[in-house]
Amino acid sequence: MKHFISLHDVDNVQELVQEGIRQKANRFADQALGKNKTIGLLFFNQSLRTRLSTQKAAENLGMNVLMMNVGQDSWQLEMEDGVIMNGDKAEHVKEAAAVIGSYCDIIAVRAFAGLKDRDADYKEIVMEKFRQYAGVPIVNLESATRHPCQSLADLITIEEFKKTARPKVVLTWLPHFKPLPQAVANSFAEWVNKTDYEFVITHPEGYDLAPEMVGNAKVIYDQNEALKGADFVYGKNWSSYTHYGQVLSQDPSWMITKEKMDLTNNGLFMHCLPVRRNLKVTDYVLDNQSVVIPQAANREWSAQAVLKTILAGM
Ligand code: CP
């Protein structure tokens with residue numbers, strides 16, 4: 001694996017899930033791999049889990065870690081080619097990526113969707129520019145359309161908690177007042193499509209994800225119907241893909257409650273976090289019927305599996 005920008009960079013998803021589980025069981029086994037290697041963690045957006053878990057994973061592997069909030073700690077970066085740089089962006093990504101690549105053996109980048117221009121977001125301009133100009137492997141720490149480190153942690157968590165070989169997994173849209181990216185939902189759908197789980201996606205009309213992300217999932221617009229018999233309920237809000245970036249509904253009846261979880265097969269609630277309590281999911285469900293903390297803890301092993309695999313291929 002040279003880069004980890006999306007699922008398409010992964011040769012064998014099941015093997016990477018198992019690598020995460022192995023790293024968790026023996027976290028310092030591969031320290032020699034990262035010795036005298038440096039990772040640069042670049043954040044264009046805020047983070048709690050991604051920042052800390054990736055730093056921890058890199059250090060478990062013996063790596064040195066550089067971290068920067070792009071645009072706050074550094075110059076703002078121009079992504080467009082051929083423009084006259086007479087605005088507030090003082091440095092072009094062409095130089096910045098190459099310079100950071102000269103200091104680092106791996107660069108990991110977080111850069112969210114702008115949610116204004118679907119074509120631009122779905123071209124993954126920031127990730128692609130870093131891939132083009134850095135000269136070292138690039139890891140996606142959540143981009144405009146995907147969050148693969150999260151999805152890998154999600155699959156590790158399902159593998160750890162599943163009670164049947166082929167669990168029913170339901171990805172459900174949750175209400176929110178702000179327009180949020182589709183990245184987590186997209187990525188989760190893409191990765192679950194690589195398993196043999198029964199996979200259902202439920203959301204109000206107008207919230208269909210991009211067809212290439214939905215894949216073979218069954219889409220049901222009735223949330224109660226979708227939740228019946230679920231082993232895992234994966235909640236997430238996302239803004240509309242078809243009416244790009246818009247909030248079409250804030251229907252509170254889509255919040256996950258104990259009554260909704262009663263429809264499931266003693267199901268477990270999952271969410272990537274951060275989550276707004278009693279807006280998207282009730283206190284009761286989070287405190288009694290969820291695996292959000294072990295799911296977040298698995299971000300460390302997901303990051304470690306990715307970094308180990310890249311380091312091993314260098
Ligand atoms: N789930 C996740 O990516 O969390 P952060 O945004 O806090 O990194």
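Glycine is treated like the rest: Cβ placed from N, Cα and C.
Bear in mind that the values here come from a model prediction, so they are computed numbers and not experimental data.
According to TrEMBL, the residue from Lys116, Lys218, Lys236, Lys308 that belongs to the N(2)-succinyl-L-ornithine site alongside Glu142, His176, Arg276 is Lys236. With a CB cut-off of under 6 A applied against ligand 1, none of the binding-site residues Trp75, Cys149, His176, Lys236, Arg276, Arg299 are retained.
For Lys236 (N(2)-succinyl-L-ornithine binding site), the nearest neighbour among the listed binding-site residues (Ser47, Arg49, Cys272), judged by C-alpha distance, is Cys272. In the structure shown, the C-beta of Arg299 has more C-beta neighbours within 10 angstroms than that of any other entry among the binding-site residues Arg49, His176, Lys236, Arg299. Listed in sequence order, the binding-site residues from Ser47, Arg49, His147, Cys149, Cys272, Arg299 having a Cα within 10 Å of the Cα of His176 (N(2)-succinyl-L-ornithine binding site) amount to none. Here the CA atom of Glu142 (N(2)-succinyl-L-ornithine binding site) lies 13 Å from the CA atom of Arg299 (carbamoyl phosphate binding site). Ser47 (carbamoyl phosphate binding site) sits 15 Å from Arg276 (N(2)-succinyl-L-ornithine binding site), taking the CA atoms of both as reference points.
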